[in-house]
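**Student:** This is the structure I have questions about; it appears just below.
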């Protein structure tokens, strides 16, 4: 039996719960993630993030102004030592509809990826294909994944450093074939909050023996970099995420996002700047000697030091 929480832990849990619910609710509202009548397929891996996502969505479901279904789905990828009983027991205790899928993607990954190489990319691609197909089978209108704000920021830096792209994880995504809408309700949540929440809630965490324990992954290096920034410069991570929500294509260099080629000056645009002040009289800028005796504030006068004549 799990140990009872202390009063201090209960207070902390309540505070965390309110914060996470508020952040998830804001993300759902900002990106219109869940609508009335939706059937949400909540993908459960057995990790802290997906447990927290399911827990918070179930709570919000009771208070939401719209009606929606939640169906939990886990994909058993046949990793050695995977405790098959853990998730069914947990989901039974919640008394919610769920499906456990079985597909041996583990063998495929081990066969295709040389020893010591990162397996995450192929593993996630195989898992995604299976889950997308199953979502269509059960009539799910949304697929909820447990990626949080740190995942989104890390992905942006990974794509910058190793892919040469300014690309991250969108909170809401339409699949390439247009058949599925993927949502990330934890998009505004910090990983450290989710870790603490999972610990206090005592979720039955299942570690990933295939990729989660591999060292020297590129993502881990980026995560370490961001954690160091967070320690040295509090608030920087929040600022980075805010910047990702406030892009200005016209101030960048991506010709696909902004039509720089067609930029033309407007010859009829009004003059702006100090010399355009309404209280300044019009004068000939080439009248260096000021023969018109116009009294101008020296700070606002253009000082023409030389005139070039062709």
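Using N, Cα and C of the backbone, Cβ positions are placed for all residues, glycine too.
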**Student:** Look up motif 'PP-loop motif' in Swiss-Prot and report which of 27-32, 33-38, 39-44, 45-50 it refers to.
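**Tutor:** Comparing 27-32, 33-38, 39-44, 45-50 with Swiss-Prot, motif 'PP-loop motif' matches 45-50.
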**Student:** With every protein chain in view, how many other Cβ atoms are within 10 Å of the Cβ of residue 123 ([4Fe-4S] cluster binding site)?
**Tutor:** 21
